[in-house]
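Structure first, commentary second.
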Amino acid sequence: MKSAILITYDKEDVINEAKGLCDAAGFQVVHTIKQKFLKRPKYGISGGILERLEEISEKIRPDVIVFDEVLKPSQNYNLAAALHREILDREALILEIFESRASSAESKLQVKLAQLRYEMARAKEKVRLSSMGEQPGFMGIGKFEVDVYYNDIKHRMNTVRSKLEKAGKQRELHRQGRKRMGFKTISLAGYTSAGKTTLFNMMTGETRDQSSELFTTLSTTTRRVSINQEPFLISDTVGFISKLPAYMIDAFKSTLEELGHTDIIIVVIDIGDSIFELKKKFSSCMRTLSELGVEKDRMVYALNKSDLLEHSEIEEKIETLNLVDNKKWIPVSAKTGKNVKQLKELIGDILESHNSHKFGKKIGVEETFGN
C-alpha cells in the first residue's frame, strides 16, 4: 500500500471520512495535518504550515500528499513544486477510488466521463501554466494550445457520452420489459459504507462483495426476491458522500436514474454513527435523492446496525432525523438479519396500499425489537 500525508480539516468526522477515502484509494495515511482553513490563495494552507509540511515530507517521503479540499491547478502546481510530491485533492482522490472500483463496461465509462469533466474544469489554468513553462504535477499537458486541448477533451467526452446514451437506452428497454411483466422494483440507496450491499445480500441470499471501505459498489446489480409471495426486483446502487460535486453525480446519471423509476427506495442509514455524523450523512443523502427527483413518499428508512444500540439511543436518533411521525422506518441489522423479514413486510404493505399517503401501519422500536 502506498503511503500518504493527509491534510484535512480539524473535525473528527471529517478526518475519519478523509482517512476512509485514502484507505479506499489504496493509501496508508502515515501523518495527518489538521487545519481550520484549507482555502488560502497560493497553497490552500499558510506559508508556515507549508514549511512544516516540507520538513515532514522530506523525513517521511510519502508517495502522495492528499489535500482534503478542491484545489485550483495553480495551487496544485505550487504545492507539487514546493514538496516534490504528487498532490491529490479531494475530487482527484474520489476519482482514483472510482477508477479502481469500476468493473462493468458502463461504470468504467461513467468514471472516464467524470475524469474528463474534472480535467475540463481545470483546462484553462493548466494551459496558462504550461505556456509559462511551468509543468503541473498532476495531469500535466505539455505545450498544447488551449483550443487543441479543449477540443481533444470535448471529443473524448462526446464519445463517452454517446456510449453511455446507448447504455441508458438499453436500461430503459429493460425497465419497460420489467413493467410489462408486472415486476415491482426496489432500490437500495444511502451514504457510502452504510451497509447497503450487506442488506442487499441478506434480502436476496446473494454473496456480493461487501466491505466497510467507501464506494464498494459502483455499478447497479439487480436480483429477484419474493415478498408476500409476489416477485420483486431489488437493486443495489452507488453510495453517496458529502461534497460530491454535481458533475460526478451527472456522470453516474444512467445508474442513479434507476432511483427515479423504482417503486420503493430503501434509504439505508448507519444508525450507529454519532448524532453529528448521522445528521450530516442523512442530509447529504436526502439532498442527493432530491436532486435526482426521488419523491419522499416512495422512501423507506432502514436503520442499520441497530443491534449495536440500546432502544433509547435509537429513539433519540430517530427524533434527531425527524422520523418520529414517519410510518416507514424500521431498525434492522443487515449483519444478523434482525428485522429484515419485517422490512420486507413493510415494503409489501406499502405497495399493496397503492398510495403511500394512505399508508397507516405504525412500525417502531417497540413493535420490531421484540421479534
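Positions of Cβ are set from backbone N, Cα and C atoms, glycine also.
Database features, via Swiss-Prot:
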BINDING   190-197, 215-219, 236-239, 304-307, 333-335  GTP binding site
BINDING   THR197, THR217  Mg(2+) binding site
DOMAIN    184-355  domain 'Hflx-type G'
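Feature map: annotations from Swiss-Prot on the structure.
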{"residue": "GLY190", "record": "GTP binding site", "DSSP class": "strand"}
{"residue": "LYS196", "record": "GTP binding site", "DSSP class": "helix"}
{"residue": "VAL238", "record": "GTP binding site", "DSSP class": "coil"}
{"residue": "LYS305", "record": "GTP binding site", "DSSP class": "coil"}
{"residue": "SER333", "record": "GTP binding site", "DSSP class": "coil"}
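Across the binding-site residues listed here (LYS196, LYS305), the residue whose Cβ sits among the most other Cβ atoms within 10 Å is LYS196. The distance from the Cα of GLY190 (GTP binding site) to the Cα of THR197 (Mg(2+) binding site) comes to 11 Å. Here SER333 (GTP binding site) comes close to ASN304, LYS305, SER306, ASP307, ASN339, VAL340: these same-chain residues lie at least six apart in sequence, with C-beta atoms under 8 angstroms from its C-beta.
In the predicted model, residues of the domain 'Hflx-type G' (184-355) average a pLDDT of 87. For the binding-site residues given as SER193, THR197, the lowest number of other CB atoms within 10 Å of the residue's CB is seen at SER193. The number of other Cβ atoms within 10 Å of the Cβ belonging to VAL238 (GTP binding site), over all protein chains shown, comes to 24. The local packing around GLY190 (GTP binding site), expressed as other Cβ atoms within 10 Å of its Cβ over all shown chains, amounts to 27.
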